[in-house]
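Working notes for the structure below.
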Amino acid sequence: MNYDRILIRYGEMSLKGRNRKHFVQKLKKNIKFILRDFKQIQIQSEWDRMYVLLNGEPAEEVISSLKHVFGIQSFSPAIKTEKNIEAIRAAALEIVRRAHTPGNTFKVSARRSDKTFEYDTNGLNHAVGAHILINVEDIKVDVKNPDLNLLVEIRHDAAYISGQVIQGAGGFPVASSGKAMLMLSGGIDSPVAGYLTMKRGVGIEAVHFHSPPFTSERAKQKALDLASKLAQYSGSVKVHIVPFTEIQETIHKQIPEGYTMTATRRMMLRIVEEIRQRQGALAIVTGESLGQVASQTMDSMFAINDVTSTPILRPLITMDKIDIIKIAEDIDTFEISNRPYEDCCTIFTPPSPKTRPKLDKIQAFEAKVDWSPLLEKAINHTEEVIVSARNQQIAEDTDDFF
Ligand code: ATP
Ligand code: MG
């Protein structure tokens, strides 16, 4: 008897009364998309849980993909049996035998939503527990801290037996709360900002600025590899790669050195704003953290933010670097971010950018150049790439996740 399904428990979204139906549908669609390579699986959703029916697909691989799905509180590989005590005992014994090493402890945790079942929860705990003790050698009961907690659940349609509760990713199903444009550099912070935003149910498209030949193909690949890590949570991520060389060179020539960084950020934001409108997204996400560098002081943010009234989400704004790095390590982006390739901003960063730029000054400096043809050209030459978690770069024809 093998595990034939994975039982999925919903997370925080179950608190949200009226939105619940929408979240459950979204979660089901996301799970389907993330598991799209497992052709035989089927998904059944109920109001308080979902079942992924394996139909012969490998449980371990499905489990490792499910760990990345936001909106799942926890899940358990399970066996469905008829509602009679013999069948339940047999399935429970099978699960224990598979997990057992001599000297281990266990307990049975029974639950009934079908109150008409012939055994109550205590009766079930004893009936199943006794069967295990008789049939498995060198095993003891420990109700406080067992090595194996055998979950036996009697529902109206059937009984479900499981030996494992796996922690889910939490949060809300991705794209259940609209879409945002993530400004994705090759650094440590922006992928973490993207991850945290996705966790709250926001779908992400990334925008990456590159400046060939000052930045190399490998720097661009780094951003795509980071996007591919984020795609683990959504199935795929669209990346807009903006050619930024000409604008940066113009800034370099036309803007006084102390203000080039401010101007660069403002131009980036103008471009992202235009792409956001075209893509129908509702916010812009950055990896900014207050005080970290010259562009992230209060004065800088005030002067830069001036070019758009679109909400800018800054999930890391109050976080210390050490805590950001912890998350980057957890989501496996840290190593990629640490690759040494240059980033377009580092190359053009002046030795001492102004940490307290003035809005009226930058506006006056910018007014001397007509930027619109340059901005338009960059937007028109923007390349779109869709990356997935597995093969990193995939064709345009993927089902639309959002
Ligand atoms: P990160 O680690 O995310 O690069 P950082 O601490 O190095 O951040 P900056 O380089 O000042 O800080 O960038 C601040 C934010 O601006 C980044 O988090 C990112 O959202 C955006 N950004 C910077 N460079 C780029 C780029 N080349 N393409 C897209 N967005 C960028
Ligand atoms: Mg950076």
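Note: Cβ is positioned from N, Cα and C throughout, glycine not excepted.
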**Study point:** Given TrEMBL lists MET183, LEU184, HIS208, PHE209, ARG265, GLN296 for ATP, the same-site residue among GLY170, GLY171, GLY287
**Key:** GLY287
Practice item. List the binding-site residues MET183, HIS208, PHE209, ARG265, GLY287 whose Cβ sits under 6 Å from any atom of ligand 1, in sequence order. Key: MET183, HIS208, PHE209, GLY287
Check your understanding: For the binding-site residues HIS208, ARG265, which Cβ has the most other Cβ atoms within 10 Å, all shown protein chains included?
Key -> HIS208
Point to revise | Max CA-CA distance, Å, over listed ATP-binding residues MET183, LEU184, HIS208, PHE209, ARG265, GLY287, GLN296 | key: 19
Practice item. Averaged across the domain 'THUMP' (60-165), what pLDDT does the model get? Just tell me the whole number, please. Key: 94
Exercise for review: For LEU184 (ATP binding site), just give me the three-state DSSP call.
Suggested key: coil
Review point. Which number gives the other C-beta atoms within 10 angstroms of the C-beta of GLY287 (ATP binding site), all protein chains shown included?
Key: 25
Exercise for review: Based on Cβ atoms within 10 Å, give me the single least packed residue among the binding-site residues MET183, LEU184.
Suggested key: MET183
